[in-house]
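Take a look at the structure set out below.
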Amino acid sequence: MLLGKFMKRPVAIFIIFMVCALAAVLFWLRVSHYLPLSLWYAALVTPRPDSIGVLIFLYNDLPRLAMAGICGAGLAFSGVVSQQMLRNPLAEPMTLGIASGSYLVLSLVTVFFPVLFIAGREWVAFVGGGLALCFVMLIALRQRTSGVSLILAGMILNLCCSAVGVILAILYFRQLSFMALWGGGSLAQYDWRSTTQLFLHLLPCIGFCLLFARPMGIYGTGDVQAKNLGISVPWLLAATMGAVLLITALIVSSVGIIGFVGLGAPHLARLAGARRLRDRLLWASVLGMVLLWLADELARRLSGLWGLMIPVGAVTTLLGAPVILGYLSRAKTSVMPRETRVLPAMTVPAEKKKSRWALLTSNLVCLLVLSLVFLVLGKGLHGWQLEFPWHSAPRVSLRLIQLTAAISVGVLLAIAGGIIQNLSGNTMASPDLLGITAGGALGITATLFLSPANTGNIVMGCALGCGAVLLLLLLLGRRSHYAPETLLLAGVSLTLILQAVSTVVMASGDLRVMQLFSLLIGSTYSVRPHQAEIVLLSAIALVAILPLIQRWLVILPLGAQVAYGLGINIRFARLVLWLLSASATAMATMIVGPLSFIGLVAPHMARMQGADKPLPFLLTSASFGALLMLAADWMGRWMLFPREIATGAIASLTGGIYLVIIMLRGRRAA
């Protein structure tokens, strides 16, 4: 029956067949260099131990092929179960933070408690993934919602784990240098032991999930129907997600983090005609096997051509993100939505509202005090000491440059985040989602490897990367009249692609990777005086423009119909607002490098304090952004003195902790 349904979708069947054929051809072309096709059967039946080609085929190629199939099927199976149980098409082990939690705990154990690996890497990964899943589920329960809160909590957890991982990599680079390749996903095998062990461990987990196939199918129709039929929803959720957790931990501990397969294979199975849960479990697993096999063959092919060790996880991301971009380039979002969209974030309870200017004034006073502390309080060989300009003019002047850069960048990112959240109606939107920072990171990477690594070249490369991404975003959003949803999805896709490229470079083993790493985590350490002046003037100019655009910021969130009725050119207004946000993000990225969370947390804090009108909201967000950046820069300098931790890592960690606390308390700014 399922085959009949598939035959009604010839395009999908053709695509699946071509993926299989391409993977098989690449496998044949690679192996035929040392073992012709005519000798494959003989190598399997009567292997010759004195033949290098036979040994490579039997103990490297075939185990790696089997590992790709096992991991692809396991990830796709986990993705289907997660999407079914959480009723969210974006749910999978990566988006839920399970993989990141496992990877982080493996890194921590590698540095501090390597003796724990005696129990096995899979159990260490299981503990990390379990803690991450429990944490995400706890946040979702406190929010009293299922799908959306889980994904948001998973995203925040991923960013927090990434920030902690960055700090660990800075402090313990030698111990964790091998994790770069393994963290991007590596299917390399030298015998059948790991493959057999993973298969024997995954088989009972998958079989356990299949026992709950019928209850899971009923649960997909709704909680009420499931309870009426005698299904215990909490126990079903705990059992199935526990199996997903174990499957993910086993795969991560064996091959590292591999993205997109758990998200893309279930969607491709549904596209090909699989509607029932059993059908999706079967065909998504098959598609996961084929997709990961193809990705691995492409990774090996490119590794041979470029002389780099390319992680298979980077290839899966590169294969998946263009699919989303392809859909976006053909889609034309309606300019006149059926429903008027009111921005929920602008609705604040009356008891929480404070005097707008009093709040802004208090923030500015705090900023002034913190700036004075930043300038005069330092740490030396004899502990903390005050350093006034007339005693330590050189040190104070250097701090003044970093102070100016930190405050200005915080203002730029906070205003950019506030505009994006206002325009999209999504309080979780941030400048990171536009892909501008990822474009700047790619520009920095290209500059470092293709030209002399001086400050001017790095800034120019970052500017070119940011400009290229901005141009691509505008081209993709042109047909949809720069609809927020289209640009945000395009930005996420571009971010995935550019991060995959950066992962390839990080895993190359080049000696310049450490220098690149320090440039990509966001720091004011290398800011020059003229750069501080430029970013300060940019921040002042952006603040001065805000009164001119506040009318758009008031009306556009009310919906296209209202905006048209009030005579606003929606396409032009959206274009200007997106350009302002992207330009502010690009300027901040060029000066201090990629930063996370500032553009997300600062508007959230302003909204929590009752700043409900667009102009006070953006100005208050700017003040919070400046405070966060300045505090992160000061903490990064003195927390582990004489070592310095990058501002970006501290900002990501503190911002993530803030959002976690807010979500655990069950409070919503929106």
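Cβ from N, Cα, C; glycine included.
Caution: TrEMBL annotation is automatic and unverified by curators.
Annotation source TrEMBL lists transmembrane segment at 37-58 (among others).
Annotated transmembrane segment per TrEMBL: 65-82 (among others), in sequence order.
Annotated transmembrane segment per TrEMBL: 94-116 (among others), in sequence order. Cβ atoms under 8 Å from those of the transmembrane segment (94-116) belong to residues 82, 124-133, 135-136, 150-151, 153-155, 157-158, 161-162, 164-165, 168, 172, 175-176, 179, 183, 244-245, 248-249, 252-253, 256-257, 259-260, 262-263 of the same chain, restricted to positions at least 6 beyond its ends.
Taken from TrEMBL, the feature transmembrane segment covers 147-173 (among others).
Marked as transmembrane segment by TrEMBL: 233-261 (among others).
For 281-299 (among others), the entry in TrEMBL reads transmembrane segment. For the transmembrane segment (281-299), same-chain residues at least 6 beyond its ends with a Cβ under 8 Å from one of its own Cβ atoms are 2, 16, 19-20, 22-23, 26-27, 30, 64-65, 68-77, 79-81, 187, 210, 213, 258, 261-262, 264-266, 268-269, 272, 274, 310-312, 314-316, 319.
Annotation comment: TrEMBL describes 357-378 (among others) as transmembrane segment.
The transmembrane segment annotation in TrEMBL covers 398-420 (among others). The list of residues near the transmembrane segment (398-420) in space but at least 6 beyond its ends in sequence, with Cβ under 8 angstroms from a Cβ of it, reads 367, 371, 374-375, 378, 429-431, 433-434, 484, 488, 524-525, 527-529, 531-533, 535-536, 538-539, 542-543, 546, 553, 577, 580-582, 584-585, 587-588, 591-592, 595, 598-600, 602-603, 606, 617-618, 621-622, 624-630, 632-633, 647.
According to TrEMBL, the transmembrane segment annotation covers 432-450 (among others).
Per TrEMBL, transmembrane segment is recorded for 456-475 (among others).
TrEMBL lists 487-505 (among others) with the feature transmembrane segment.
Residues or ranges marked as transmembrane segment in TrEMBL: 534-555 (among others).
Sequence-distant contacts of the transmembrane segment (37-58), counting only residues of its own chain at least 6 positions beyond either end whose CB sits under 8 Å from a CB of the stretch, comprise 28, 31.
Outside the transmembrane segment (357-378), and at least 6 residues removed from its termini, the chain residues within Cβ reach (under 8 Å) are 384-388, 392, 395-396, 399-400, 403, 407, 609-611, 616, 619-620, 623-624, 626-627, 630-631, 633-634, 638. Long-range contacts of the transmembrane segment (65-82) within the same chain, counting only residues at least 6 positions beyond its ends with a Cβ under 8 Å from a Cβ of the stretch, are 27, 88, 91-93, 96, 187, 189, 192, 194-195, 198-199, 202, 206, 209, 216, 240-241, 243-244, 247-248, 250-251, 254-255, 258, 261-263, 265-266, 269, 277, 280-281, 284-293, 295-296, 312.
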